[in-house]
Amino acid sequence: MLSLLNWFFEILKWKHLVQSVKSIPFKTAIEQTLGAHTASLFTPNRIGDYGAKALYFASELRPKIVGLNGIGNLAQMLITTISGSIGLFFFSLEFPLHFNINAFSWSHYAIFGCIGIILFMVLKQFETPNVWVSKTIAFLRSISLSLFLKTLLISGIRYFIFSFQFYVLLQWFHTDISYLNAMMLISSMYLLASILPSVFIFDVVVKGSIAVYLFSFFNIPESITLSCITIMWLFNVVLPSLIGSYFVWNFKLLKS
């Protein structure tokens with residue numbers, strides 16, 4: 001039930017965003033959201049969702065569709081960041097965190113440096129880099145405050161739903177943890193997991209590893225933590241992707 005609510009608000013958010021460009025029925029929003037979800041599973045952090053949703057629209061609308069999708073993801077990330085930061089703050093008060101900067105070897109810094117140089121060289125190839133910058137600024141200015149605030153509200157509701165779903169699973173396994181402590185750990189987990197790049201298959205591994213570490217501070221058995229993560233993954237990721245595969249299979253490219 002909570003998984004259905006989770007995806008209901010994700011679909012509603014997309015319908016709300018697209019409405020500023022083209023009005024679509026809720027059924028179409030379902031097809032686009034679940035179809036893009038399936039198509040993007042094997043891309044890092046599901047970045048393929050941007051291109052997949054854009055393909056449902058005429059070519060002249062695709063740049064703006066990509067931008068609107070970015071607004072939706074930004075709103076969700078803001079909620080995740082704010083909630084996770086609060087959770088980590090209270091977690092660090094109770095369990096001081098110790099980060100060792102020497103944990104990264106010189107090779108890691110070399111890799112990050114090379115990536116930065118490559119990105120700089122690629123950007124230098126553009127003769128007029130200010131063009132896409134100005135277009136981006138113009139697009140952001142075209143987004144009304146009410147549109148963004150409503151998107152932020154829907155994102156917040158969705159975040160509460162899947163966070164509460166995790167808590168319900170913890171209670172189902174008869175864990176002895178209060179709601180506030182659970183939310184502190186859950187929000188911290190989602191924030192830390194959002195920072196690490198992952199694909200469909202490894203998403204459950206990343207979240208599982210982080211969750212096992214965090215919940216161990218409250219003596220939650222590893223088996224219970226991993227069971228909760230797996231159930232969440234199956235109902236919120238795998239099952240919707242199976243439904244979305246139907247829409248991917250019947251997809252027809254709209255050229256104009």
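Positions of Cβ are set from backbone N, Cα and C atoms, glycine also.
According to TrEMBL, the feature transmembrane segment maps to 71-91, 103-123, 143-170, 190-218, 224-249.
Within its own chain, the transmembrane segment (143-170) is flanked in space by residues 2-3, 5-6, 9-10, 12-13, 16-17, 20, 71-72, 75-76, 78-80, 83, 177, 179, 182-183, 186-187, 190, 220, 224, 227-228, 231-232, 236, which lie at least six positions past its ends and keep a Cβ under 8 Å from the stretch. For the transmembrane segment (190-218), same-chain residues at least 6 beyond its ends with a Cβ under 8 Å from one of its own Cβ atoms are 41-46, 77, 80-81, 83-85, 87-88, 91, 94-95, 159, 163, 177, 181, 225-226, 228-230, 232-233, 237, 241. Below 8 angstroms of C-beta separation, residues 3, 6-7, 31-39, 41, 162, 165-166, 169-170, 173, 175, 200, 203-204, 207-208, 211-212, 215 of the same chain, each at least six residues beyond the ends of the transmembrane segment (224-249), sit close to that stretch.
Listed by sequence, the residues of this chain that lie at least six past the ends of the transmembrane segment (71-91) yet keep a Cβ under 8 A from its Cβ atoms are 13-14, 17, 49, 97, 143, 147-148, 151-152, 154-156, 158-159, 163, 183-188, 190-192, 194, 214, 217.
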